[in-house]
């Protein structure tokens with residue numbers, strides 16, 4: 001095994017012993033390279049010498065002289081202790097990298113420089129003195145940079161500049177003061193896993209092309225089903241491109257379970273189907289209904305209480321109404337952690353109703369599923385074990401890098417029967433291994449990204465207790481924020497009571513509005529406060545928090561905490577920053 005000090009740039013011989021007898025030189029290599037045709041020799045010499053004289057090119061101007069960078073050594077020892085020679089990327093293009101002949105050294109040099117750019121960005125992401133975003137309006141970015149695609153290739157110096165520019169204007173989602181979305185933070189193990197996944201660059205449809213990843217998906221989904229509460233982790237599941245697709249999978253499977261003929265005959269052979277979900281549920285239920293031909297009018301929205309929880313009596317009433325009209329209720333989607341309020345529907349009561357009327361029960365726990373990792377908070381999902389299917393997004397509350405969403409199904413084989421098409425060029429039945437590990441035919445997609453490795457590697461690094469600590473910390477920070485602002489001058493809570501999740505919903509009331517009566521004029525003026533403060537946050541780059549209206553409530557801030565880097569001091573900063581930016585409104 002090579003010692004830790006052998007370094008990134010070392011090239012091991014086949015037996016790992018190295019060869020110290022033939023040191024070689026850049027000059028010797030350059031002389032050999034001149035025998036190659038097509039300009040390869042000149043490019044290799046430029047690579048070896050860096051600041052050497054540029055080769056002449058007929059019929060065109062010379063590229064601008066670029067800063068030389070250190071690259072792989074010029075000797076042939078494996079490993080060696082030579083100092084790295086200079087690389088001038090103005091002479092190099094993507095065609096000089098692997099799999100090009102002699103592309104190893106420029107490839108290592110290029111990827112090392114890309115890695116340096118990425119690592120600098122990672123470090124800056126956690127620096128509170130840096131901006132969350134260097135905001136520019138779309139027309140400014142379009143005018144300042146040429147983003148158009150060209151017919152001719154650019155050199156690698158320009159490619160590296162594009163990498164830097166892209167990250168310069170990207171949102172630092174790992175910044176401790178980024179609270180804008182449900183998915184925040186930047187986990188180092190998850191990041192490493194994502195790099196590995198991209199390097200492996202394989203598909204998830206069969207065991208033969210993704211043996212380890214397929215097994216990890218099997219192990220991880222089984223563990224998630226155990227945590228849900230299904231005996232022995234039995235059932236099925238798949239990682240999908242996001243919670244919206246996971247929810248649509250659930251609708252497809254529920255429909256197939258009730259009417260398996262839909263797979264061949266389509267919706268024309270079915271009665272009108274009706275799905276039920278709360279008025280605070282995610283819009284993906286209606287999108288799924290539209291995509292599946294069920295229609296958005298066939299998604300009935302159930303009333304919620306003042307905390308955003310589905311009212312079971314209204315659910316039962318609407319089911320009976322649909323049945324009286326001759327419609328067929330086929331799915332109830334309860335939400336465990338709504339997007340805005342963070343509400344948890346009463347799953348036990350919903351399960352009783354679904355059992356009574358023989359309706360598929362789905363739980364959209366995309367946001368709230370992470371609480372199942374916490375012994376302190378998992379009670380909020382009591383009844384999830386009675387669901388027929390569950391959506392769970394580890395890329396939200398568990399901090400796994402995007403994307404990582406799972407659909408879990410209680411009945412094994414149902415997903416396969418619903419979606420399989422028996423493509424013989426992929427799913428041959430006479431393979432030499434257990435075909436149950438060829439999982440691709442149960443997916444809607446053919447090409448499917450490897451999403452499991454990030455979650456699996458983070459789970460190995462943290463353990464279940466590590467995820468639990470993260471969840472508990474985030475909910476404690478949410479309660480800390482709530483306790484500060486609930487009685488603070490200039491703040492009004494959108495609903496009474498401490499947060500159910502990490503969602504803290506509130507209005508900031510500027511001094512000019514604090515003495516006004518609670519009437520239409522005040523509401524109209526208040527609706528403009530959050531958008532202006534949010535715009536100022538982005539222009540200063542200090543923090544980011546989302547806002548939205550909901551029902552008859554005008555724009556309010558929705559603070560969500562899933563960022564592992566956030567601390568009590570960041571919550572204090574947020575409050576002070578909102579007051580600073582909104583004081584004059």
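Cβ coordinates are placed from backbone N, Cα and C, and glycine is handled just like the others.
According to Swiss-Prot, the feature substrate binding site maps to 181, 182, 183, 558. Under the three-state DSSP scheme, residue 182 (substrate binding site) falls in the coil class. For residue 182 (substrate binding site), the number of other Cβ atoms no farther than 10 Å from its own Cβ, over all displayed protein chains, is 23.
Summarising the annotation, Swiss-Prot assigns compositional bias 'Low complexity' to 1-14.
If you look up Swiss-Prot, you'll see 30 (among others) marked as S-palmitoyl cysteine.
Residues or ranges marked as S-palmitoyl cysteine in Swiss-Prot: 45 (among others).
According to Swiss-Prot, the phosphoserine annotation covers 3 (among others), on the basis of experimental evidence.
Sequence annotations record features per position, and here Swiss-Prot assigns phosphoserine to 6 (among others) based on experimental evidence.
Per Swiss-Prot, phosphoserine is recorded for 10 (among others).
Residues or ranges marked as phosphoserine by Swiss-Prot on the basis of experimental evidence: 13 (among others).
Around the Cβ of residue 396 (N6-(pyridoxal phosphate)lysine), 25 further Cβ atoms fall within 10 Å across all displayed protein chains. If you look up Swiss-Prot, you'll see 396 marked as N6-(pyridoxal phosphate)lysine.
Per Swiss-Prot, region 'Disordered' is recorded for 1-24.
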Lowest local Cβ density among 181, 183, which the record lists as binding-site residues, within 10 Å: 181
Residues within 8 Å of the 181, 182, 183, 558 Cβ centre (excluding the substrate site residues themselves): 179, 180, 184, 339, 396, 546, 560, 562
Number of Cβ atoms other than its own within 10 Å, given for residue 558 (substrate binding site): 23
